[in-house]
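Listed features, source Swiss-Prot:
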type: BINDING; residues: C64, C66, C79, C82; note: Zn(2+) 1 binding site
type: BINDING; residues: D684, D686, D688; note: Mg(2+) binding site
type: BINDING; residues: C1046, C1239, C1246, C1249; note: Zn(2+) 2 binding site
Amino acid sequence: MANVSSFQRKIAKIKIGIASPQSILEASNGEVKKPETLNHRTGKPEKDGLFCEKIFGPVKDYECACGKYKGKKYEGTVCERCGVKVESKEARRRKIGHIELATPISHIWYLKSSPSILSIILNIGVKDLENIIYYGSKRVIERAYLTLPGPENENLGYLPGEILYQREYEIYDEYLDLRVEPAVKIVSVKGMPVADIDGKVEIKSELTHTERELNWIIIRDDTGVERKYPVFEGSSIMVENGQEVEKGTPLADRFLFEEDYLTQKEYSLFLEYYPGSIEVERDIERDTPIVVITDIDKRFAKRIDKKIGDILLEDEARAYEEVMKVLNSKIKEERENVIDKELVSEIEFPEKKFEKGTKITQEVLNELQEFGVKDLVAKEEDGTEKIFQINRYEKFEYGYGAEAIQKLLTKIDLEVLKARLESELEKLDRKSQKSVKILRRLKLVKDFIKSGNQPEWLITNIIPVIPPDLRPLIQIDGGRFAATDLNDLYRKVINRNNRLRKLLEMEAPEIIVRNEKRILQQAVDSLFYNGRVGKPMTDRNRRPLRSLTDLLKGKKGRFRRNLLGKRVDYSGRAVIAVGPDLKIHECGLPKKMALELFKPFVLAELLRDSNVASKSARKFKKTIIEKEMPEAWEVLEEVIKGHPVLLNRAPTLHRVSIQAFIPKLIEGNAIRLHPLVCPPFNADFDGDQMAIHIPLSNIAQAESKFLMLSRYNIISPANGKPLSMPGKDIIAGAYYLTMHEDEKFKNLKVPTKVSELGKNGYVKHIFSEDLEATYAYEYLKIVDSDIYLQDGKLIWKKSDLPLHEPVAFRYKDGSILKTTIGKIIFNEEVPEDLRDYTQKMDKKNLKELIFNTFEKHGIDRTADLLDSIKDFGFHYATLSGLTISIRDVLVSPKREELIEESKGEVLRIESLYEEGYLTDNERYKEIIKIWESATAKVTEETAKTYRKYTFNPIWMMIESGARGNIDQLKQLAGMRGLMADPSGKIIEVPITSNFKNGLSELEFFTSTHGSRKGSADTALRTSTAGYLTRRLVDVAQSITITEEDCGTDKGIEARELWADDSKIENLSDFLFGRVLAKDVLDPETKEVIFNPQADKKYERGIILKEKDAQFLANYVKEIPVSKEKTIKIEDMPKDSYLESLEDVQVEGKVLIKKGEEITEEAIEEAFLHGIQKLDVKEYTAVDYVYSGEDLKVEIDGKTVTLLKYQERIDLKVSKVLEKHGIKTVTVRPSIFIRSPLTCESENGLCAKCYGMDLSNYKLVNRGEAVGIIAAQSIGEPGTQLTMRTFHTGGIATTSDITQGLPRAEELFEARKKTKGPEGEFSKTKGIVRAIERDTENKRGRRLKIIIENSDGELESYEADYRTKAVVEEGDKVLAGQRLTTGNIKPRNILKELGVGPLANYLLSEIKKIYAEQGVDIHDKHFEIIIRQMINKVEIIDGGDTDFMPGDLVSYGKVQKINEEILEENSYITENRELVVGKKLAKRVIIPAEDEEEEEDKIFEQGTEITEEILNQIIETNIKEIEVYEEYKEITTEEGKTHLVGTSKKYLINPKDTIKYERRLLRITKASLEREGWLSAASFQQTVQILTEAAIEGKVDRLKGLKENVIVGQPIPAGTGLKLYADQNYEVVQPEKEAEAAQEKSVG
C-alpha cells in the first residue's frame, strides 16, 4: 500500500543530428573485420566477425568466450586469453561495432533525399553528383583528331598518331601550339585486298604523315600494267615479295582495322583504292568518365575560367593538367629572365618596402614570392617595360567518387559561404527562381551552423554495426539458421571492403579499383536503403533484403510496429459471452484465466503466508497452476477483490472501446460481458473476442476505477447522448411490461366512487401505493391462475389482474392516475421525480428517461437505473414469449388496389410519351414519381393494418424500437419498391411483390444489384474509413487542453447549419456545450438576457447546457426596424447605430449633419458645447439576426428577397427595409460562442474555447486529449457507416455511404481536383438580377449569373456548362452561398472570402455527410480538425528569419515572430551606440564584390568595433553581430591568444518581417507539418523527415502524445499532465475503507 508518485517524466527533449566518423568510433567497441557470423562447428561467434564477443559482449551471462571467467563476481574483468569483457549478455543489445572502409562513401539519405542535401550544399546538379559518386560517365558526341610529328607535340609527350577528342583539343589549342589533323573512325570494312590481275608481287613499306606504317602490295603483269593495294599496319600480308599470283588471290587478311582512326588524308588514300568498302564516323559518340575539380590555384582558375566544384570530362581535366605544366615551365623561364632587371614601381608591404629601381636578385625574387606577388613589371635592357609572371600555378586537383565530394565539403567555410549568399541575395528579386535557389542553400548553411554539424560528415569512411541481438541468428528445425537480412547486407559490405583493401595494397590498375569502389558504395547504399538506387539486393528467393531504412519506415517499421504498438504483458484474450446477471461495472472472468493473469499476485500472497524460501518459489509457481492448489483459489478471490481489469475489443475505434470493470470469478472459458456495454464496444456474442489487461500500479488502478470504469462511460464523448442504451430484448421486455391496448386504455375511466369500481366503462382495481399493486398482481397470478382438464381439454384460467390491465393508482400527491400493473412495476425503479405512469416505454422514451436521470441525478444513479431496466427487460421479454411466424406478417387488403391504380397511371404516362407529349427524361421522372408515391401509400396502409393488432409480435418489435423499422415491414408485407442499378440509377420497373408472397425471377434478379454493391462497398470502404481515422488522429493528436482560458475576445457566430436548402443542425444543437464569447443582449431592451427558469444571466463565459441552448435558440422578438427619439447626451447608447434627425449647430458651426451617423467623438464635441439632448433615429435591428421567413416584395412586377432567414441585419439592409415600408422584423439575438477555431492558446486549446466535456456535462478538464477524441468521434462512425450499407439490402435510397465516405475524404484532404464540374459561390451579399446561358460553344453553353451587391454594383459569375443554377432571379444571396450545382473548391473560398467562411463551408459540408446517415457528432470535433487544416500559413517571403518561401508555419507562430521582429527593430539606434568599443565574439565577414579579383574582408574574433568598422558592417546590411560583454584573454600552448567570456547578440540593421498567405492544408499534409520530428517521422515520409531533422539538429520537445509514447513515458495529457505529476496515490482495500470511515465517525 505504498504511496506512488507517478507521472514524473524523465526525458524533456530529444535531439537528432549527423553522426561524425569520430563519434561513431567513440561509441564503437571494436572493428568488425570479417564477414563470418558463427563458427559452423562450434556454433560460437567468430572473432572479429559480425557476432564477435570481444566487440559486442558475451553470449552467456557473466562468462567470457573461453570460459576462464564465470560468474557475476568477475563483472568488468577483461579476459586476457579471449579478450572478452565479463558482463551481462544484455550488452549484446546495446554495444555497437564499426567497419572502417577503405575509401570514403556517401550516405544515400543525403544524396537521394528530395531535394538532395549534397546537391544543394555543393551547388552541383543531382545527376552530376550521382555520376561522380558512382564513378559514372557522360555520353558525348564530338570530333576526333590525330597528332602529327613535331617537336611541339613531343615536348608535351604526344607521339604521332595519338587520338585527341574535340574538347581536349580545344583546350590545348587555346593555350598551346599542338599539331593535329581531323580524324575519322572506321566503323566497318567490307572485303579484303584481292589481286585484280595475274602477275608478280612487290611489297614496299612507308610511313604516313602520322608516322604509322603503310604497306603497298604492287602486282605487275607481263605487259607492265600494275595494280597497287595499300594495307595498314597490323594487317597480315598473305603473299611474299617476288611471288607470282593469279587473279583473285587474297593478298592480306584486311587492309584496315575497324574502330581504328585515320586522318582525312589517310582516309582519302584508302577511299581511292577501295571505293565503297569503308564506312566511317566523323562525329564520334562515346562514354567518358567525369570528374570534379577539388582544388585549383585561383590564378589558374581565372585563366581557364573554372572553379572548385566544376564538373569536367576526365579528358578535359588531363588536358588542363598538361596545360598547367607547360605554363609553369614558361613561368620558370620568366623567373630566370627577370633576374638583374629593375623594378618599374615601388612595392610596399607592412613588413618591407621595395623601392622603384631596385635590382631584382634571386634573393629579392624569393622575398617577393613569399609576400605572394604573382606578377611584377620590370625594365628590359632596351628600356621597355614588361610584365613578368614569377609565381607558378600551385595546384589543379580533380577526382571522382565520394572521396572527391568529401574534399569539396571539407573546403566549405560555412560562415564565409553564408556571408556570400546573403550578399548575393541582397542584389536579387526575392521572388526570382535564382533567389529561391540561393535561399534554399542559405537555409541549409544556416542549419549546419546552428546544429554544429559539419558538411564533410555527409561522407564517411566509418559505418556503425548495430548490436547483434537486434539482428539475431535464430536456429530453426534441422540445425539450420534463419538470419536477419541486415547480416547479409553487412556481410556484403565487409567482403567488398576487404577485397578493395587487397586491391589497393596490390596497387591494382585504376579501372579495377574504381569498379570495386563503386560496388562498395552500392553495398553501403543497400545497407542503408536497399532499392533506392538501382536494383535492390535480394536473397536467393529474389526477395529484396530489408535494410536499415526498411526497419524504420512503414507499417512494419520500428516506429509503428514497436514504438507506437507494443505488445503488453499481463494480458489475455477470450471469446465473450453475455452476462445478464452482472452489474454494469462488472465482468465475468474465467477462473483459470484469472489465475494465470494474477499469478504473481497470488504467488506473492502464498509465499508471504507459507514462508517458502526463494529457491523453492519457482517450483511453487508451477504447482499453483498445474496442480490448482485449493489455497490459490482463496487467495485469488482476495487478490481480485476491487482490482479493476481493462477490456478491449478490436477494432479500437474510439476511447470507449477500452473500459474498466471489476472482475467476478466464473466457471467456463469465456469472458462474461454486461449486455449494456455492447454498443460502445460494438460487440455482439456471435464469436467476438475481447482482450483483457491488468493495470498493475496503484495509479493505473486508480485511473481505471475513477476514469475508465464502465459506469462512468455511459455518455458518448462524440455527442453527449447515452451510449450504453438498452437494445433488442431489453427494449422488447420493457415495452411489453409497460404496454396497453390503446382503445381499452383510452375508454376505461378512473372511478370517483367505490361503487363504480369494476363496472362497465370503469377500471376494475384501484391501489393506494405501488407496493400494494405489485403484491396484488403477484398474489392473484398464483391464486387465480390455474390449469385444469375439462371435457378432455386443458383449460388455462387467467388471473383477474393481468399485467396490461388498466388500473387506478393513487399517486403521492393525492391524484388518482390511470395506469397498468406493468407501468407501476417499471416505475418502482425510476427516480421519483421522473416517474411517468402513462407512457409506454419504447426505445425513444427509454433514451429520454436515461438522459434525464443523468442530467438530474448524475452518472451513478443512471448506471443503477440501467441495471434495473436490464433486469426488468430480460425478465419480461422471457415472460412475453415473443416469437414471430409467417402468420404474423399481415398484408393490407388495399395493397393490390393501390398497385393496380399505379400501373394504370404508368400506362397513361407511356401513352403520352408515345404520342410525343413527353421527352424520355420527363417520362422516366414521372414514372419514378408514381412508384415512389405508390410505395409510400402501400407502406401507410400496411402500418394501419398492424396498428389494429397491438400485440402482434412484429408490430411490437417495430413500435418499441427493439428491432426492424417500417421500411423493412413494407418489404415483408407491402412491396419492395424501386431498386437501383449498380451505377446508382433507379430502375423504373419496381418490385411490386413482398417477401411474404415471394419474388418472381426477374424481381429477384433486379434486387441482387443493390445487395451485391452493398457487399462490395463494405469490403472496399472499411479500409478507407480506417485510413481516414488514422490520418485524423495523426493531424489532431497533439491538441490537448493546456490552459483554463486563453483570454481571447474572439468567437464564432452561432447559426443553424444549412447545406443546399436542407437544414443540417438546429441552433440549439450548435449552442449546446459551448461557452459564450460575448454577452447575449435582448434585441428590445439591449440588456443581457435573463432566464428566470434557470435563474441565469447569459453573460460572457457562461457554459450553455441543453436547456440554456433551447432557451436562447427560441428567444425571438419582433422589433421595429428603426425608431425616432430624443436622447440625453449622457444616456447615449454605445452599441446602437444612431443618425441625427436634424443639423446640430453651435454658433453657426455644424457639429452633426442631418442623416449623419452620431459617433462617440461627435457626442463628446456636442457635450463640450453644452448641448443636452439630441433628436435621433435609432436603427434598432442592426447587428441582430433575422429569424422570420424570407422577406419578399414585388418590385417592377418581379419578386425580390430583401431579407433572408438567418441573415445578420446591417445598416444598408435596415435602410432598404425602411425604404420599402417594412416597419418591424422578427429577430433573435446575435450569439457569439467560443470555438476551437478562434482559440489563441499557443499549444493545444483552452478549456473555455472547447467548452463542455460531452461525456460528463462539465467544463472540460485541463489535459483532456480533445484532438484524439475529435478524430475518433469522426472516424468511428465512418467505419460504422461502411459496414451498415448491406442492411438496406440495396434498396434505392437517395443517400448512401458510397457518396458519403469519398466526399468526406475529399473535404478533409481539400482536394484541388474534385470529381465532376466545379460549382460557383457568391463572393458578396446581394440580389440575383439575371441568370442566362452564353452563346453556344463547342462543349455547351456556359451559365452566367449576375448579382447586384449591396453597393449597387453588378458582378458577373460564369459557371461550367454542365452545372445548373440553384438560385432564382430576385433571390438574395449571402457571401459564400452556393449559386450553382457542382463541387465548390474550398481553396477558392479561402482566397476570395477568408478563413471564417471557409471554416463555415467545411463544417456544413462535412456535417451534412454524417447527418444524412443519421450520425450525430458535435460541431466542436469537426472544428478541431478544421482548425488544424487552416492553422498554417505559407511563407511568401521569409524576411530575415530562417523560413523559406513555401514553408508552412502555424499562423500564431508567424504573428508572434513578426511582433518580436518589430519590437527588436525599435532598439537598433540604441544597439549601434552600445556595440562601439566592444570586441567581436564571432568573426564578421564582408564578402568581396568580385570573389576572383578581391579577398573577402574578415573582422576576426577579438577585433574592437570602431565607428568606421561598424559603418562598414551596417553598409553591408549585416543584421546581427555578437560581441563580448565580459571577457578574458587565454594563451594556448602554441603561444596564440584568444578571448573567452560571455557574449551577446545585437541587432544593428532592421530585420524584415515575414510575408505570408493563409493556406488550407489537407489532413495528411497537416500531419507532416509539425514542429516535433518524432511524430512526423512516425506518420509518413520517414526518411525525408529524419534527414532534414538531422541536418538542422532538430530538438523535439515532446509536446505531442505520439512522441511521448515513442520514448516510453506518460503522455502530456490527462493524468500525464505536469499539473497532476506530483500527486500521490494509494490503493485502499474495501474493508480498510470501512475501517477508515468508522474511525472518522467515532472521531
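Yeah, the Cβs are placed from backbone N, Cα and C, and that goes for glycine too.
Spatially, by CA atoms, the binding-site residues C82, C1239, C1246 include one closest to D684 (Mg(2+) binding site), and that is C1246. Comparing local CB density within 10 A for the binding-site residues C66, C79, the maximum falls on C79. In the structure shown, across all protein chains, C1249 is the one of the binding-site residues C64, C82, C1046, C1239, C1249 with the greatest number of other Cβ atoms within 10 Å. Ranked by how many other Cβ atoms sit within 10 Å of their Cβ, the binding-site residues D684, D686, D688 place D686 at the bottom. Secondary structure from DSSP puts C1249 (Zn(2+) 2 binding site) in a helix. When the Cα of C82 (Zn(2+) 1 binding site) is compared against those of the binding-site residues D686, D688, C1046, C1239, C1246, the shortest separation belongs to D688.
With respect to their backbone Cα atoms, C1246 (Zn(2+) 2 binding site) and D686 (Mg(2+) binding site) stand 44 Å from each other. Closest to C66 (Zn(2+) 1 binding site) by Cα-Cα distance, out of the binding-site residues D686, D688, C1046, C1239, C1249, is D688. D686 (Mg(2+) binding site) has C1249 as its nearest neighbour among the binding-site residues C64, C79, C1046, C1239, C1249, going by CA to CA distance. With C1046 (Zn(2+) 2 binding site) as the anchor, the candidate binding-site residues are C64, C79, D688, and the one with the nearest CA is D688. In this structure, the CA atom of C64 (Zn(2+) 1 binding site) is 51 Å away from the CA atom of D688 (Mg(2+) binding site).
Here D688 (Mg(2+) binding site) is positioned 57 angstrom away from C79 (Zn(2+) 1 binding site), judged by their C-alpha atoms. Annotated pair C1249 (Zn(2+) 2 binding site) and D688 (Mg(2+) binding site), C-alpha to C-alpha distance, rounded: 40 Å. Put simply, C1239 (Zn(2+) 2 binding site) is 43 Å from D688 (Mg(2+) binding site) when counted between their Cα atoms. Within 8 Å of the Cβ centroid of the Zn(2+) 2 site, not counting the listed residues C1046, C1239, C1246, C1249, the chain contributes E1043, D1045, T1048, R1234, P1236, T1238, E1240, S1241, L1245, A1247, K1248, Y1250.
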